[in-house]
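Trainee: I'd like to ask you about the structure that follows.
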Amino acid sequence: MEDELRCPTCKQLYANPVLLPCFHALCLGCALDIQTPYSPGSALPGAVNGAGAASAAGHNGLHGNGGGAGGGAAAPVTNPNGPGTRHSSHSSAASTASSNTGSESVTSDQDQSDKVSIFSEADSGVVCCSNTSRPVSYAGTGLLPGVGNVVAPPGAAYCLTCPLCRKLVFFDDGGVRNLPTYRAMEAIVDRFCAREALRCQMCETDPKVASLICEQCEIRYCDACRELTHPARGPLAKHTLVKPRGAAQQRESVCGEHEETLSQYCLSCKAPACGLCIGELRHQAHDVQSINVTCKAQKTELSHNLQQLSEKARSTTEFIQRLKGMSDKVTESCMEFERLVHAQCEALIQAIHDRREYLLEAIRMDKDTKIRILKDQQSNCTGKLQQTTGLIQFCIEALKETDSAAFLQVGSMLINRVTNTDMTWHQEVTNAAPRVSPIVDLTLDDAALARAIDNLNFIQMRAVKDGDERCPAAPMTPTILPSDCSAENNSVTVAWQPPNHSFVEGYVLELDDGSGGEFREVYCGKETICTVDGLHFNSMYNARVKAFNSAGEGEYSELIGLQTAEVAWFTFDPVLSGGAGSGLIFSKNNATVSVEGWEHRVALGSVGFSRGVHYWEFTIDNYTADTDPAFGVARIDVARNKMLGKDEKSFAMYIDRQRSWFQHNSIHERRVEGGITTGSTIGVLLDLERHTLSFLVNEMPQGSVAFRDLYGVFYPAVSINRGVTLTMHTAMDAPKMDYF
């Protein structure tokens, strides 16, 4: 509470507090210090120019409840620039030194931020009288110089700016001494100071209650010590002795004008009054109540409001205590979590140690196996060598035999043994290689584990109550990696980075329609990179991604725009064209096609179009037979064993050496002169903005628009048979047609 009892200017406990019209308080001395003389044309302290509404002062008498001083009544204030009016009042009790001259104060809200106006439309003009028996009236309409359209009260001699709300108050010659004494604040300060047990500072033992304090010496005295140590003579005679705070006597509120007890309260003027005041003209027809009844009602209302505020304060106190308890719990929880992380890391380290022992044991076992195999092979080779050496030595000894009959007895056998040994030696010994490599042909794949260690991190858990099962929170937002995203032809690749501190079960990638329309899901899975094919050409696609887990879905990432190619690049698609059994022969990276049989076969391009303008050409590489190749577009389910245009799924132009026809659903029409030979070019222009199909032969239009009202997805198509070879050229700009 002590902060409420300190002056905003001197920061000390209030001394002789006075009440401003804005209901803020100041020490009387501080108010005297900060009030400034005012004269028309002078600058206002803290005021800025503006265009705010003006406030005109009213007039009336206000009866104060101060010690012997009169007051003035709150007057209604009319805003000349608007319809709003308001009554403002406050208790008035001037000091004994107050003059008999009335004063008028005008308050204004000062807005330092936008510098629009220093006066609010709700501000009021107040007439304050010191000790007068007549109402004081100021009816001036002059503008306050330098403050826009604010009406300056005539006769203003002083002004003061409230240090708290920056409202401006004007006074007459009496200045701030016309302000009422803030008796409630004064009493509260006295009671607050009385708690400090103000004792005499000069008593040697058992200090008595101080009765006076010297303002110059700043020492408290009881009556006995004052007579002994601070006599009122000599230099001490000029010192001022006052009662210490807390020693104020209870004073009865009396009317400053009639010296009568204030027993009534005017609800219209919102001011206390005595019995004589009620009988005067200014309170005629006003609603009047007993001052005790009004005081009791306001105390009851204040008590009720205080009870509600006390409940909130109690709740806030409990909340603060809970926060303090949570601080302790945070420390305890963090210590427990540190122990858990330490234990988990130790478990991981132990798992790595166990795995290391397993891997080392596997290496030792592999070593033992290889050594055993090599020893077995060495033993086998040694045995073979010993047998061969024994045979050689035996043969040498046999060659020493001089008895021909004896040698011939075994000669054939030895020749066969040596020959067989020599033949098998090449297989068993000469070409024999070590059965195992002396080099360990293994390597430790630790890249995945290293990445896992690098990615080892915390995941955010969902906040739960004590005792509830903890589970991961919904994941945070993934981050799209622009450097890893790309667009090629009619496909886009989007890559993203997993969110930090989140448990993710999967991702959802969404694309719009390439025209800023609604998003649709194109991928759902655990990968962090995705390529989407089959998009429109020359379109800007916006992509976004979000993560999800069992707890819910996270927020979408920021958008990334990817532009597909302006013109289409494609080839023939052997699979869409019927596969290996179609009889079509593709070459030059599927750009050239031919066929062996006499039956027409349809070849389709690798992309389908549903939007945009697209153009491609065919070059006739070989045209030796009397046949009619057909060029155009088809749907994906076109009949592949008929000439293009024979069914309702295809739109084509078939042409020979002299002329051409347009054909759809076996209906051919509009013959156009002009055919093809080897080296001719056929151009196909598919305009899905106008939904038309046109053809060109040798870069010249072949008739007018061939087909109209084409909607859906169409694939480039051609049908040929034996004797025709052609090559398709794509990624070409569409020619300008002048017959549209």
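We count from 1, first residue shown onward.
The backbone N, Cα and C atoms fix where each Cβ goes, and this holds for glycine too.
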Trainee: Given 145-194, 195-244, 395-444, 595-644, which one carries Swiss-Prot's zinc finger label?
Mentor: 195-244
Trainee: Starting from the Cβ of H230 (Zn(2+) 1 binding site), draw a 10 Å sphere and report how many other Cβ atoms land inside it.
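Mentor: Neighbour count, Cβ to Cβ under the 10 Å cut-off: 17.
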Trainee: Within the domain 'Fibronectin type-III' (474-567), count helix residues (DSSP H, G, I), strand residues (E, B) and coil residues, in that order.
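Mentor: Secondary-structure breakdown of the domain 'Fibronectin type-III' (474-567): 3 helix, 44 strand, 47 coil.
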Trainee: CA-CA, which of the binding-site residues C255, C277, H283 lies nearest C200 (Zn(2+) 1 binding site)?
Mentor: C255
Trainee: Would you mind checking how many other C-beta atoms are within 10 angstroms of the C-beta on C200 (Zn(2+) 1 binding site)?
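Mentor: Taking all protein chains shown, C200 (Zn(2+) 1 binding site) has 24 Cβ neighbours within 10 Å.
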Trainee: Summarise the domain 'COS' (399-459) as counts of helix, strand and coil residues per DSSP.
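Mentor: The composition, in the requested order, is 36 helix, 0 strand, 25 coil.
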Trainee: By the count of other Cβ atoms within 10 Å, pick out the sparsest of the binding-site residues H258, H283.
Mentor: H258
